[in-house]
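Feature list (source: Swiss-Prot):
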- 1-16: signal peptide (SIGNAL)
- Cys112-Cys285: disulfide bond (DISULFID)
- Ser196: active site, charge relay system (ACT_SITE)
- Asn231: N-linked glycosylation site (CARBOHYD)
- Asn319: N-linked glycosylation site (CARBOHYD)
- Asp348: active site, charge relay system (ACT_SITE)
- Cys364-Cys409: disulfide bond (DISULFID)
- His381: active site, charge relay system (ACT_SITE)
Amino acid sequence: MKTLLIFLAFLSSIFASLIGLTPPSKDSFYSPPVGFATAKPGDILKIRNTPSAPSSLYLPIVVKNAWQLLIRSEDSFGNPNAFVATLIQPLNANPSKLVSYQSWEDASHIDCSPSYGMQFKSPATTVTTQIDMTLIVPLLQNGYYVIIPDYEGPKSTFTVGRQSGKATLNSIRAALQTGAFSGIKKTAKVALWGYSGGSLATGWAISLQSKYAPELKENLIGAAVGGFATNITAVAEAVDGTVFSGFIPLALNGLANEYPDFKKRLYGEVKLSARSTMEKGSQNCLAASLVGYPMSQYFTGQNRAFEKGWGLLQDEVFNKTIEDNLLLKLDKTYLPQVPVLIYHGTIDEIIPIKDANAQYQIWCDRGIQSLEFAEDLSAGHLAETFTGAPAALSWIDARFSGKPAVNGCQRTIRSSNVLYPGISITIRIYFEGISKTIFGVNLGSGVNADKSISNKFFAYIRKYI
């Protein structure tokens, strides 16, 4: 199976170079029309069928329809912008059920956008989006329409909360307007789901919703967030100098793309010897950055990229920019008004569980109506992507079925989230196969297996990069 996938990916890359998809940076569809600023947030500016079929692990997905929508939105400061979202209609579509899926793009260049990377014939640079698409397939199999926003927006503002949250909400607004061609009812129920970088966008969306998109209250039925990113500083502390250090230049450039003063300070502080690496962080997609810059030190060690080390975070510009994008720092008026599931691996080596714990406690103390925390003792960040996905899907299915969510706050610690109640055998077998394909291990196979998953993941994506 692995050999077949690698061969198909190789063929798709060659095919793309000959016939290929036009990248967003060169595709006029991604540019808004003159006068677009007069449209309301959530209005659809352009519509087209996806240039190529959606695909997962470089294999085309059979669906009834797939469209790209250019949607009016706003940046963090309320300035008008426009972004693309992909709306997929499955063969057995239920017009009253829609899932907003926030992909873990985790990059700061528009050519890494999910709308591009999720298509058949997309380049190998977007291999992580092809992996992420494996989580969308079972949603489609269940008959749910799925909207996947390029929530980072036209500037690719990775880790910027308000931009991401607003775009997510505006993609839902837009999807609910498409009934004339998609069949989606304006009264459709909507669930949100995001893991890792996608959890950041999802978390901000449900936190902003009551103020920014109050009319969606009747549509939204819940949100599942996994590998929950609530504190980007803690992520930097966790990955600096590790095999995952490639996240840091991506995140810093994502912030720089939204905040000009931050960008000026960032490139003024980085050592000349590290400037090239930092600049490539604004050009590389996730896989290339992880493979290209493992073990790099930005804030620690004698050869760190920033002479001031962690002291740089005390700089006024750095501190304000980062504080503005910490979900943990939002006040009580941003309390989510929908049921929430948090699922997280205890030994998450990228997004420490302590900050998901902190967010859980904050929301509970503020009286959230329904919040469930499913902690997985045996999973790190990569493993929980697939160990936790069946739990998230089961939880979403329960919301669509009208089953009551937990009342108040409930925390459960399991040896593996594969043991989450209600997971169907079919879904478990599906994710078991994905886990074996990418990691070579069974779902929930224990801490010892998890320790080797990072190496297997890197080996997998190196075959594409």
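Heads up, the Cβ atoms here are built off N, Cα and C, so glycines get one too.
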Ask   = About how far apart, in whole Å, are the alpha carbons (Cα) of Asp348 (active site, charge relay system) and Ser196 (active site, charge relay system)?
value = 11
Request  = Using Cys285 (disulfide bond) as the reference point, find which of the recorded positions Ser196, Asn231, Cys364, His381, Cys409 has the shortest Cα-to-Cα distance to it.
outcome  = Ser196
Request  = Find, for the listed disulfide-bonded residues Cys112, Cys285, Cys364, Cys409, the residue with the lowest Cβ contact count at a 10 Å cut-off, counting only other Cβ atoms.
outcome  = Cys364
Task = Return one of helix, strand or coil for Cys364 (disulfide bond), based on DSSP.
result = helix
Around the Cβ of Asn319 (N-linked glycosylation site), the count of other Cβ atoms that are within 10 Å = 13
Query = Among the recorded positions Cys112, Ser196, Asn231, Cys364, Cys409, which ones place their C-alpha within 10 angstroms of the C-alpha of His381 (active site, charge relay system)?
reply = Ser196
Task = Let me know the most crowded of the recorded positions, choosing from Ser196, Asn231 and counting other Cβ atoms within 10 Å.
result = Ser196
Query = Could you give the Cα-Cα distance between Cys112 (disulfide bond) and Cys409 (disulfide bond), in whole Å?
reply = 37
Request  = Would you kindly give the Cα-Cα distance separating Ser196 (active site, charge relay system) and Asn231 (N-linked glycosylation site), rounded to the nearest Å?
outcome  = 12
Task = Round to a whole number and give the Cα-to-Cα distance in Å for the pair Ser196 (active site, charge relay system) and Cys364 (disulfide bond).
result = 22
Remark   = Cys409 (disulfide bond) and Asn319 (N-linked glycosylation site), compared by Cα position, are separated in whole Å by 32
Note = For Asp348 (active site, charge relay system), the three-state DSSP class is coil
Remark   = Within 10 A of the CB of His381 (active site, charge relay system), the number of other CB atoms across every chain shown is 27
Query = Looking only at DSSP and grouping its letters into three states, which state does His381 (active site, charge relay system) belong to?
reply = helix
Message = Between the Cα atoms of Cys364 (disulfide bond) and Asn319 (N-linked glycosylation site), what distance do you get, rounded to the nearest Å?
response = 27
Remark   = Around the Cβ of Asp348 (active site, charge relay system), other Cβ atoms found within 10 Å total 25
